[in-house]
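Shown next, in structure tokens, is the structure this report addresses.
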Amino acid sequence: MSLDAATIRRVANLARLRVEDDEVPRLQAELNGILGWIEQLQAVDTTGVEAMSGGGDAILPLRPDVVTDGGQAEAVLANAPDRAGVFFAVPKVVE
Amino acid sequence: MTYVLDGATGPWEVVIGLEVHAQVTSESKLFSGAATAFGAEPNSQVSFVDAGFPGMLPVINAECVAQAVRTGAGLKAEINLWSRFDRKNYFYADLPQGYQISQFEFPIVGKGVLEIELADGTRKDIGITRLHLEQDAGKSLHDQHATKSYIDLNRSGVALMEIVSEPDMRSPEEAGAYLTKLRQILRYLGTCDGNMEQGSLRADVNVSVRKSGEEFRTRCEVKNVNSIRYVMQAVEAEAKRQIEVWEAGEKVTQETRLFDTTRGMTRSMRSKEDAHDYRYFPDPDLPPLVLDEGWVEELRAALPELPDARRARYVQDFGLSPYDAHVLVLEKETAAFYEEVAQGRDPKQAANWVMGDFFAALNRTGKAITESPVSAKNLGALLDLIADSTLSGKLAKEVFEAMVETGETPGAIVEARGLRQVTDTGAIEAAVDAMLAANADKVAQYHAGKATLFGFFVGQTMKSMQGRGNPALVNDVLKRKLGA
Amino acid sequence: MEATHFSLAGALSALEEGLISAVELTEAHLKAIEAVNPQINAFITVTAEAALAAARAADDRRAQGEAGPLNGIPLAIKDLFCTQGVRTTAGSRILGDFVPPYESTVTKNLLRDGAVFLGKANLDEFAMGSSNETSAFGGVQNPWRRRDNQGVALVPGGSSGGSAAAVAARLALGATATDTGGSIRQPAAFCGIVGIKPTYGRCSRWGIVAFASSLDQAGPIARTVEDSAILLRSMAGHDPKDSTSAEREVPDFAAACHRSVKGLRIGVPAEYRLDAMPAEIQALWDQGIAWLKAEGARIVPISLPHTKYALPTYYIVAPAEASSNLARYDGVRFGMRVPGEDLKDLYERTRAAGFGAEVKRRIMIGTYVLSAGYYDAYYVKAQQVRALIRRDFETAFADCDAILTPSTPSAAFASGDKQDDPIAMYLNDVFTVTANLSGLPAMSIPAGLDAQGLPLGLQVIGRGFDEETVFTVGAAIERAAGFSALPQVMA
Ligand SMILES: [Mg+2]
Ligand SMILES: [Zn+2]
């Protein structure tokens with residue numbers, strides 16, 4: 001599987017990374033190099049092997065339904081690059 | 001009756017499936033300890049988990065899991081003892097983590113069924129495909145500033161149950177009935193307050209049209225419709241639009257649309273134009289959710305009686321008409337009120353009072369049953385006063401009106417206003433004698449054969465007693481005195 | 001003796017005996033940082049005033065008999081751990097001037113036990129790297145130099161390169177670090193010190209900037225095995241705020257350092273004998289085997305057949321998780337923002353300017369392997385191979401109690417050497433990454449020098465939650481090796 005320039009742009013769009021036109025060939029070469037190397041996995045017979053998900057054997061711990069957090073709007077907003085009073089602000093979104 | 005829409009090329013059938021997002025009733029959020037209460041100051045119910053801060057991790061709320069299990073049980077659905085959370089990746093201003101934690105491949109609840117009833121009495125089973133738990137997003141306000149959108153994350157991370165139906169509905173009425181019934185069940189279960197104005201219940205409506213006998217055609221999803229009436233309108237508007245598209249020789253393209261309630265039309269969502277690829281994968285921060293079978297059975301055993309069962313019981317045990325039973329179980333609160341009134345009393349008489357004078361009083365005062373000035377206990381006490389002949393039916397109505405006005409007990413009103421019915425035969429005889437003496441001419445006419453005057457004598461006697469005479473006794477005494 | 005040359009355990013005794021105060025110890029390290037850090041760039045942020053205040057408080061506590069197990073010990077904190085009120089960068093521009101309003105669980109545990117934080121240690125951006133050259137705050141220099149060319153700057157390894165360099169150069173008695181594919185053990189090996197990645201779930205991930213959630217584990221870097229045992233005991237423990245944190249008692253790891261390896265079965269995996277492996281590495285490994293045998297351990301040949309697939313597996317799983325974990329850096333709630341025509345443009349410009357090349361590369365790979373049509377072929381396949389790698393270890397551990405391997409396929413290399421070849425860079429982690437994929441504890445111990453006088457490490461891998469055996473074996477190697485060489489750049 002080799003990535004063409006259009007795929008590079010599609011993936012960059014999904015990842016919300018701005019890619020200039022002159023960056024595409026370099027990215028394409030690098031990613032194809034890495035993906036080509038990864039390709040060796042296809043040689044492993046994984047028939048009937050259950051895929052791992054997560055890093056351990058744990059099952060999900062449940063917490064009680066109690067309010068223990070919140071009430072800290074100022075701390076939540078303090079690092080915002082742009083805010084309007086008690087809101088975060090972003091360029092207007094048209095739905 | 002099959003619902004069809006007539007186009008230029010003939011009749012079209014409508015195919016509808018609903019994805020309902022129901023906010024789980026819980027104190028705190030699905031994966032954080034922030035509160036869920038409606039209407040709080042912007043960003044005041046936000047933990048750093050909800051705001052997607054670096055290094056923050058989700059921990060699941062046991063009650064939200066329990067609520068999903070209860071709802072699944074109430075929908076007669078399979079409960080999956082092993083389920084998993086996945087990430088749905090996309091960028092949006094009110095999605096702080098850049099992904100929604102949801103359940104994609106392995107939902108907590110599988111297939112179930114919901115029976116709906118239509119106006120003409122027909123019943124129909126609508127399949128439930130699945131129910132899964134997921135996080136709500138925050139709220140974007142687009143109308144506060146000329147060039148900016150404002151973000152409030154109070155809703156971010158609130159638990160939602162997404163309840164997906166099969167494409168089993170065929171008319172706006174069926175869609176409306178489905179949503180009505182679903183809301184009713186959620187409220188009975190106490191798993192969602194069903195408040196559509198506040199957004200606790202929202203429907204994504206999947207609509208397609210087809211000619212009779214065809215396979216499904218392309219569907220469109222009308223997002224976030226927030227009332228049952230709008231769902232029905234949106235179905236019709238979107239179906240008509242699609243018919244026009246097909247009949248113009250074009251193709252309906254699968255897309256997400258919005259229902260414009262003022263124009264009664266659906267329109268394409270610009271922000272969702274971007275081709276989506278959600279890149280679902282298991283959330284590595286959350287091990288699988290494994291439920292203990294015994295715990296699930298405990299929750300199932302503790303489920304409240306649901307509306308269908310309750311209605312059947314009212315018909316069978318209380319002898320109510322199916323219609324009356326239906327009306328009384330519509331709202332959980334009404335049914336509870338009714339049952340308290342009916343407890344140990346004549347259930348039919350209780351139903352008549354609740355559905356008659358009581359509903360009329362609520363209507364007139366514009367009050368909800370939970371804020372009614374007449375409590376179920378007091379209405380029951382009123383029925384007791386009728387049963388022990390303290391009050392006649394007519395007096396009872398008078399007492400009831402006083403109860404609506406003052407909120408006092410019927411006993412207190414009867415005492416204070418001296419409304420106790422007169423059952424003392426001596427007093428009634430005296431009143432009858434006085435009345436007959438004052439109407440000697442009418443008595444003569446009566447004896448001459450004008451029998452219809454009997455009613456006049458009853459009325460005059462009651463009037464002289466300020467309506468308090470026991471009607472049966474007044475009748476008896478009159479008959480005896482008139483030698484009838 | 002210079003105050004900065006104490007071992008951590010030695011410093012604790014000196015503090016207890018009143019030979020030195022926490023303030024003196026901290027001052028000595030701050031002075032060392034001032035002198036040496038401009039050259040090696042191990043710290044991004046130095047919090048001198050806060051450190052001195054913490055040291056004074058530690059001295060007060062000791063005077064009142066309330067000294068915790070790390071009371072007054074000056075540490076470097078990898079700048080991936082969120083520290084309340086102290087700027088946290090993850091080695092990236094994109095976090096801007098982010099000041100966390102919370103303290104990570106691991107650093108909170110260290111503070112509870114009385115530690116003094118000197119500042120935030122440099123690292124590869126978002127912990128993605130094996131050379132510490134991807135930091136937005138400049139590379140870190142290894143304090144060691146080649147015997148025959150002292151002028152060439154070497155990398156300290158990565159991603160915890162700042163932590164390792166700081167500890168090696170005597171700028172801190174120990175450091176926190178994280179390990180996703182080898183990021184504790186590889187820099188520890190390159191810098192001639194000790195580093196352990198504990199079992200997945202042993203240390204809470206809460207408050208650590210996430211790279212790849214199913215692989216990330218925090219652990220200590222220190223100059224001796226016992227020092228790392230003392231640090232890990234404080235760092236570890238169950239945390240209800242992390243759903244993957246293990247509900248397990250934390251043993252006395254330091255006690256395990258004094259046990260004998262006699263009777264232990266040490267597995268030696270055939271598949272770790274790489275064709276192109278330098279003879280020095282092979283010789284060191286053989287030496288390690290001989291040391292343990294001499295101490296009474298039994299050497300068992302084992303097979304880990306899927307070893308060669310570990311790196312490609314890692315380079316699917318880790319970027320996939322990272323692509324999602326790093327979506328939150330969008331210029332809306334914290335960190336830097338580059339204005340745009342609309343929200344999407346703002347996202348794209350912010351992320352393009354905020355992330356460095358390696359991070360972008362991994363986000364792209366991760367996004368691609370999760371995308372429609374490729375998910376099964378890449379992500380699911382990798383998670384299946386991962387299950388096989390884990391199964392290999394389970395099988396092997398039926399026959400042995402710990403596994404001995406080299407830590408890295410080479411000693412520290414020169415800055416810039418592998419920057420243009422991502423795959424050559426990735427191969428640094430060939431021996432370490434299997435422990436991350438299978439969640440097992442693994443430690444690197446300095447065991448010798450190569451021909452250029454650069455340190456080389458041996459790795460001990462243990463069963464899940466059996467760090468104690470890892471410490472026992474690690475301490476035995478440490479004693480046998482008697483590693484006493486010192487780096488050229490040092491306070
Ligand atoms: Mg939907
Ligand atoms: Zn949903």
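Cβ coordinates are placed from backbone N, Cα and C, and glycine is handled just like the others.
TrEMBL labels come from automatic prediction, so no person has curated them.
As recorded in TrEMBL, the features of this protein are as follows:
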| type | residues | note |
| --- | --- | --- |
| DOMAIN | C:24-470 | domain 'Amidase' |
| ACT_SITE | C:K78 | active site, charge relay system |
| ACT_SITE | C:S159 | active site, charge relay system |
| ACT_SITE | C:S183 | active site, acyl-ester intermediate |
Simplified DSSP label at the residue listed as 'active site, acyl-ester intermediate' comes out coil
How far is it from C:K78 (active site, charge relay system) to C:S159 (active site, charge relay system), counting Cα to Cα, in Å?
10
Cα separation, the residue listed as 'active site, acyl-ester intermediate' to C:S159 (active site, charge relay system) (Å, whole number):
5
Taking only same-chain residues 6+ apart in sequence, whose CB is under 8 Å from that of C:S183 (active site, acyl-ester intermediate), what do you get?
C:D124, C:A127, C:S130, C:G158, C:S159, C:S160, C:A177
Over the domain 'Amidase' (C:24-470), what is the model's mean pLDDT?
97
Row C:S159 (active site, charge relay system), column other C-beta within 10 angstroms, all chains, value 35
C-beta crowding around C:K78 (active site, charge relay system), within 10 angstroms:
32
If you run the three-state DSSP split on C:K78 (active site, charge relay system), which class comes out?
strand
